[in-house]
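Among the features that Swiss-Prot reports, region 'Disordered' is placed at 1-28. Among the features that Swiss-Prot reports, repeat 'PPR 2' is placed at 142-176. What Swiss-Prot lists as repeat 'PPR 3' is 177-211. Marked as repeat 'PPR 4' by Swiss-Prot: 212-246. Marked as repeat 'PPR 5' by Swiss-Prot: 247-281. Annotation source Swiss-Prot lists repeat 'PPR 6' at 282-316. Sequence annotations record features per position, and here Swiss-Prot assigns repeat 'PPR 8' to 354-388. According to Swiss-Prot, the repeat 'PPR 10' annotation covers 424-458. Positions annotated as repeat 'PPR 13' by Swiss-Prot: 529-563. The repeat 'PPR 14' annotation in Swiss-Prot covers 564-598. Under the heading repeat 'PPR 15', Swiss-Prot lists 599-633. Annotation comment: Swiss-Prot describes 669-699 as repeat 'PPR 17'. According to Swiss-Prot, the repeat 'PPR 19' annotation covers 739-773.
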Amino acid sequence: MATVTNFKLVTPPESSRADKPGATKASDAFQEKKSVSVNYDRGEHEVSVNIGGLRKADIPRRYRIRVENDRFQKDWSVSEVVDRLMALNRWEEVDGVLNSWVGRFARKNFPVLIRELSRRGCIELCVNVFKWMKIQKNYCARNDIYNMMIRLHARHNWVDQARGLFFEMQKWSCKPDAETYDALINAHGRAGQWRWAMNLMDDMLRAAIAPSRSTYNNLINACGSSGNWREALEVCKKMTDNGVGPDLVTHNIVLSAYKSGRQYSKALSYFELMKGAKVRPDTTTFNIIIYCLSKLGQSSQALDLFNSMREKRAECRPDVVTFTSIMHLYSVKGEIENCRAVFEAMVAEGLKPNIVSYNALMGAYAVHGMSGTALSVLGDIKQNGIIPDVVSYTCLLNSYGRSRQPGKAKEVFLMMRKERRKPNVVTYNALIDAYGSNGFLAEAVEIFRQMEQDGIKPNVVSVCTLLAACSRSKKKVNVDTVLSAAQSRGINLNTAAYNSAIGSYINAAELEKAIALYQSMRKKKVKADSVTFTILISGSCRMSKYPEAISYLKEMEDLSIPLTKEVYSSVLCAYSKQGQVTEAESIFNQMKMAGCEPDVIAYTSMLHAYNASEKWGKACELFLEMEANGIEPDSIACSALMRAFNKGGQPSNVFVLMDLMREKEIPFTGAVFFEIFSACNTLQEWKRAIDLIQMMDPYLPSLSIGLTNQMLHLFGKSGKVEAMMKLFYKIIASGVGINLKTYAILLEHLLAVGNWRKYIEVLEWMSGAGIQPSNQMYRDIISFGERSAGIEFEPLIRQKLESLRNKGEGLIPTFRHEGTLL
């Protein structure tokens, strides 16, 4: 049986502690009495606060006589009345409870009742009780009641109602005091109405009411939370000029203003000033600094600060916000395991994660498409008694979109509606991306239309998502439609949207349209960035417009836009395609001097440039530089280097590079195989070539027909007909398509070695595959039979060709050769 122990602790209010020993009975009636209940078996404890208030014995005698014999009148304490009111259903009236309460005849109970209801946070119940209170005959309007009501409305962002109470209290002859203005400024600040808050401060000064530090703090917060950090600093300066010194709360609000205004560097500078003034920061201060460091990309400094907070727990102990900020930092860096570890450390230290913490964890999983793990986190949220919000469902929806499950994403969307969670614009954008990124453009457009029907206004992110889907479909008509839809809805495109549209046009091979859109972007004074020029330069190279690509580089330099690795690589590609190796070397050196370390793409572009200009030695030197700088080559770089080895007279190095690719598990491509076969041909390494055929099985389906024909020709030209036929059989088995050119290569080399039987067999294969042999193929075999086959085999060749003609039902042409009719 559970063991329960009850304790009663009496904690007098601050005012009564200063009272004399002969305190009035009324002051004792409003003392807070704490009751503690401990269940040792379950390891639970509960603390409740009870306030008695003025009871039946304390009300005037005329009211006491009136309720003396009425069995419906109850002598409840104030806490009991609050509990009964909270137990009412939403549709039940409060009059039934309040009219049965004897304490209603003591007007001093009214402020305490409003205060206790305000603490519970039930605004609708509090409003109904206040309405009932105002119709009581013994009610007297008081400032403290109105101040509590205005503060409660501010907590729930009911700004208009709070202003209504402000004017109502003046009608009831209650003069607003500093606390009233403080509460109303706080209400406008929460709603982002900082100009209203500034006007209230002016009204306060005109009324000769001296603002307190709390008033200034609320006004600074009103400006700062709206992103107006300059106005917040002006108010702070005015505060010190008026002789009101800032406290730690003021400093935290200023830091928060910098954070809201995205002035992260200024926030760090202000923090240094705080340390110079020996202001001791608290957990809130460090939370803001960690956030700013994360936004500036200084993750190591943020982690150092977090670790120092954990080491000095007595001074500033990390709270849920601190851990959540670090989780978000790891999520942005893509370090999911560390994000999960921080979450588990938070739980291990006894902190209870809130919905924001769970959403940060789900967001980390969603970015990587880990839908199963994200779903399990949602289950943990519900299991711990937390109600998932819109962000939770949006993260889960996004995880399904990233894992290529748009159907599951739509199910989550419908589940949100079923559970009465209204999707916002971010939710719709995630659903549009789920369909668009997986090639379902029609469904993405339908979601866009449904979004408008549901009263959610699309934003520029919605347009960007649709444009990205159009880019995958490679249809310029869709791009035009999306752009016109954005224009008709008054959506102004930003840089990211223009980049998506320009990229979509280029993917649809509409370079002129892309250039026209870029010029429109410049006319509308939308600032282009490095991504814009990367798309234009790479697109121009793809369309073989190399001079135009290079002209964009000069335009970037004129606009003082910093060059990125992608821009340098695209320009290197343009120079290499034109054979301008000197200019390519200049750009490559400029890239290194600018502190932009070349990546594998830049090195590959330079390898192609050296190959095009037949500078094989420099290509080999460049590869050594790649290795020295720790750049891992990819398949394209390896094929370019192999070509340099073959052309530069170092075919043996091709095999060394091939072994390196195997060791580092770099995938082989068709170009790589061709260069290896070329090296085998040069060095007469036919055993290695035959072994290579065995290794080609997994790669054959991905090889082009032109490349397979080249490899067949390489074997045939070297007289390795058996290896050629072996490769041909593997090509057929892999399902790769073959054409007339493939058969022509086989026939040419079979005839060159005198294998006329296989020649005729290949002709039969062609007939069976529905490919009609050319006239020249028949002339070649007939000529071979007459000149080289001898008297013994020439009639046999004619007989087989005649049989083949009969099977082909006239497909084989009849022609005369040296007086002989076939």
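Cβ atoms here come from the backbone N, Cα and C positions, even for glycine.
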Segment-level pLDDT (mean, integer) for the repeat 'PPR 4' (212-246): 88
Residues of the parent chain within Cβ reach of the repeat 'PPR 10' (424-458), under 8 Å, 6 or more residues beyond its termini: 390, 393-394, 397-398, 400-402, 404-406, 409-410, 413, 416, 465-466, 468-470, 472-473, 478, 489, 491
Non-local residues, at least 6 beyond the ends, that sit with Cβ under 8 Å of the repeat 'PPR 8' (354-388): 320, 323-324, 327-328, 330-331, 334, 336, 339-340, 343, 346, 395-396, 398-400, 402-405, 408, 419, 421
Secondary structure content, the repeat 'PPR 2' (142-176) (per DSSP, counts of residues): 26 helix, 0 strand, 9 coil
